[in-house]
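A.B. asks: Here you go, one structure.
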Amino acid sequence: MIQDASLGPLGPSLSALLLGRLATSMAPTLEEAYRRRWWMACTAVLENLFFSAVLLGWSSLLIMLKNEGFYSSMCSAANTTNTSQDEQRQWLSCNQQEEMLNLGFTIGSFVLSATTLPLGILMDRFGPRPMRLIGSACFAASCTLMALASWDTKVLSPLIFLALSLNGFGGICLTFSSLTLPNMFGNLRSTFMALMIGSYASSAITYPGIKLIYDAGVSFMIIMFTWSSLACLIFLNCAFNWPSEAFPSPEEVNYKEKIKLRGLALDHKVTGDRFYTYVTTVGQRLSQKAPSLEEGADIFISSQDVRDISEKSVEKSVPLRKSLCSPIFLWSLLTMGMTQLRIIFYMAAMNKMLEYIVTGGQEHETDNLKQRVTETVEFYSSVFGAMQLSCLLTCPLIGYVMDWRIKDCVDTPTARDGVATKSVRPRYRKIQKLTNAINAFTLTNLLLVGFGITCLIDSLHLQVPVQPLRDTDGPAIPHQCCVCPAPAAAFHGHGGTLERRALLARRHLGSL
């Protein structure tokens, strides 16, 4: 007891330090993570599907929040409707209530979009593991706050703003941390990248699914507490399976070779990293060109040259600024920003749009019309959520287009000895990546234009099934085929950085 009292204010800091060391000690090595890559990929898809961009299914959550009585105190008896299906509690509903709840969705969507830039910087600095731990904790806190707020909505309704903000931030942390995982799959990187983004875009099905459970009679509080517990499982999965090191991209180094070299006891504190760097650099230089007398200093390097390897590689590479200012990269930012803005607007206004299509702009004068509006909105909201799964099916198609014949290509066009005598011209990796990116980009824009034209037809039965298809492809396929052309066309070795910058800029343009 005396020792505990002497620690005093140092107690919380020591506890945090011990927890940090414990989390670090549980982190596997890159070699162990490589052996678990299929488990990590499968769980990441499920986690993205049920915990990432769930705010995209806002229309279903809005109905549940209104049924629970969030901000129902703003409604007067003069211009209200009873939306709760519970016979014990009849909550009032009005336009002021819906506007306030939509404001919470706007704030949550803004947090989901605006925090991506600092999130990307932190992920470049610390890796995906801390961001994923923080994201799962924030998502669990979000569900807990919504459950607690539903206990007394008259007093605790303002907590919904904090809950939706944590929901958006936690979801985007899970999304972006999973985008580094496809680096472990080599030539299938684009396919797994598309699968991750597709599961992120398909997460809008979560709230419609929860609404079905809610309509079956399960308490909203029980649903949210259960969801919070599942988010804690994501935290544990990340703590035990995700490494503390960032996954190296295929452009930086051969992943399998790095894992094999790491397994040869090269992790010595003094000589391990230096020897690994030496072996990797010598192998890369010998594979690029044959030694000559004039260039002997570049081939037969010394230990002093190894210390300056990173500086020399930076000098030889094209600056990141030039890649960021490339026309195709800027054009992809513009198209993705417009698509993101369109999607966020549709998510927020979908219920009102459905209501307008049913009523034709008329006021709800009769009870029959009010009942018809309510049933139509609930039905097509469920249809919209179910159609989100189409994104999970279409995104791997774009990933397959991006990975077409990549493994049959050679790395660089510098080794020309013996190539000229062959009748078949070799395929170079960077050129093939650019060709695949152009094909994917063209296919995507044709789909978006076709869906956009179809949605202009004033037919409820045609608009609702087609619009979700357009909007589910919207967040996913432009993610993949507008971002991937940028590093493919830049040719400067900034692939991972360009992908992150494009994704972050897309979210910022959409939030603006």
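A Cβ is built for glycine as well, from the same backbone N, Cα and C atoms used for every other residue.
Feature annotation from TrEMBL assigns transmembrane segment to 38-64, 100-121, 133-151, 157-179, 191-210, 216-240, 328-349, 379-401, 437-460.
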A.B. asks: Cβ pairs under 8 Å with the transmembrane segment (216-240): which stretch of 100-121, 133-151, 157-179, 191-210, 379-401 has the most?
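C.D. replies: Between the stretches 100-121, 133-151, 157-179, 191-210, 379-401, 133-151 has the largest tally.
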A.B. asks: I need to check the long-range neighbours of the transmembrane segment (133-151): which residues 6 or more away from its ends have a CB within less than 8 Å of a CB in the stretch?
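C.D. replies: For the transmembrane segment (133-151), the sequence-distant neighbours (Cβ-Cβ under 8 Å, at least 6 residues beyond its ends) are 23, 51, 68, 70, 157, 159-160, 162-167, 169-174, 177, 220-221, 223-225, 227-229, 231-232, 234-235, 238-239.
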A.B. asks: Restricting to CB pairs under 8 Å, which listed stretch, 38-64, 100-121, 191-210, 379-401, 437-460, is in contact most with the transmembrane segment (157-179)?
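C.D. replies: Most contacts with the transmembrane segment (157-179): 100-121.
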